[in-house]
Amino acid sequence: MSYINLPTVLPISPSKTRGQIQVILGPMFSGKSTELMRRVRRFQIAQYKCLVIKYAKDTRYSNSFSTHDRNTMDALPACMLKDVAQEALGVAVIGIDEGQFFPDIVDFCETMANTGKTVIV
């Protein structure tokens, strides 16, 4: 399922836009949110426009996401990623904290990567 209408591009086309999906895996308290924050900050330092999305029902830190050592970063709350698709189209890098809670994570990440975005989950 696509949230936007994209022109059809043949796989062999040299003008095909290429994005990427980076997945951060690990058990609880292993530093996944810290690594997400580190990667997004590196892109910000390189002058890329970034957006971080957090699960809206996680209300521990208001409109930011936080690591266990209390470092915070502004984040857009959402329950469904399709609800923030328009905001995501306006940036180059999309960070998604607690991706396992979003039922549309796979479709969203694939759609955004196919538009040339870097998606970090």
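Along the chain as shown, the residues are counted starting at 1.
Cβ coordinates come from backbone N, Cα and C, glycine included.
Listed in Swiss-Prot for this protein:
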type     : residues             : note
ACT_SITE : Glu98                : active site, proton acceptor
BINDING  : 26-33, 58-60, 97-100 : ATP binding site
MOD_RES  : Ser2                 : N-acetylserine
MOD_RES  : Ser2                 : phosphoserine
MOD_RES  : Ser13                : phosphoserine
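Taking the features listed in Swiss-Prot, we show where each one sits on the structure.
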residue : record                       : CB count, 10 Å
Gly26   : ATP binding site             : 9
Met28   : ATP binding site             : 6
Ser30   : ATP binding site             : 11
Lys32   : ATP binding site             : 19
Asp58   : ATP binding site             : 14
Glu98   : active site, proton acceptor : 16
Gln100  : ATP binding site             : 9
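Secondary structure at Met28 (ATP binding site), as computed by DSSP, is coil. The two recorded residues, Ser30 (ATP binding site) and Glu98 (active site, proton acceptor), show a Cα separation of 13 Å. Under the DSSP three-state reduction, the residue listed as 'active site, proton acceptor' is assigned to coil, being neither helix nor strand.
The separation of Asp58 (ATP binding site) from Glu98 (active site, proton acceptor), Cα to Cα, is 9 Å.
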